[in-house]
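What follows is one structure encoded as structure tokens, with my remarks underneath.
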């Protein structure tokens with residue numbers, strides 16, 4: 001779709017050519033579905049501010065399509081009580097699955113491995129745990145993620161507090177470790193290639209077996225400083241798995257919250273993960289727990 005053209009500024013940070021884009025049947029369907037989803041959300045936001053475009057921009061960060069109230073359980077509620085959220089969830093989920101299928105099909109058509117599609121699938125798995133699988137396991141669509149900027153952040157804080165502080169969730173700890181670990185690996189790899197760029201080290205495949213090249217200098221640097229070095233292939237495999245394990249492990253911790261574990265703080269106390277502090281005052285009472 002479209003004719004290729006070149007951008008001077010994009011050429012400064014990557015390949016200067018833009019397009020053509022291949023959508024195919026799955027790509028077209030995913031794009032149409034996503035546009036319908038955006039139109040549905042935008043229409044709801046407009047209705048919330050009496051169809052004032054000015055107010056939509058002014059209150060953009062606060063507007064949301066809210067989840068159904070807890071009394072509906074897994075039933076489909078009326079449109080104005082969470083029904084729009086359910087339709088939006090269905091259309092957005094279908095669009096994402098179609099886009100994943102497009103990614104997989106294009107990789108196979110080009111004779112590539114399907115690594116990108118499975119990396120995308122890891123993120124989609126986390127998404128479906130949040131909005132679909134976990135709410136069904138608990139028995140209430142109210143546990144799903146609302147559609148909105150601050151509403152999403154409020155949900156993030158509320159779910160940690162409701163289930164006893166995610167700081168004591170071991171799967172949350174691991175997901176953060178994988179998140180930071182993948183960032184560190186990518187930064188180290190990028191810095192190494194840039195540091196040896198004067199020796200054309202970005203031409204990794206050609207330099208793997210050559211002596212005195214940028215790739216060999218990079219390997220020597222890490223061997224001298226760390227005692228061990230990755231190869232030009234293994235560093236990408238490390239980063240790939242570090243990044244994929246971040247959402248996969250996080251999804252386990254989230255799914256267990258409310259289905260198996262009611263309070264991660266109490267779980268941490270039971271397994272000696274939480275330090276015991278001396279009580280300096282009477283503990284505050286939680287009105288919601290009475």
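Indices start at 1 and increase along the chain as displayed.
In case you wondered, yes, glycine gets a Cβ from its N, Cα and C as well.
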Stretch carrying transmembrane segment according to TrEMBL (options 117-137, 138-158): 117-137
For which of the residue intervals 84-105, 216-237 does TrEMBL record transmembrane segment? 84-105
Between 238-261, 262-285, I'd like to know which one TrEMBL lists as transmembrane segment. 238-261
Cβ under 8 Å, sequence separation of at least 6 from the ends of the transmembrane segment (21-43): give me the contacting residues as numbers and ranges. 1-2, 56, 65, 84, 87-88, 91-92, 94-96, 98-99, 101-102, 105-106, 147
Please work out which recorded stretch in 117-137, 171-195, 238-261 has the most C-beta pairs separated by under 8 angstroms from the transmembrane segment (84-105)? 117-137
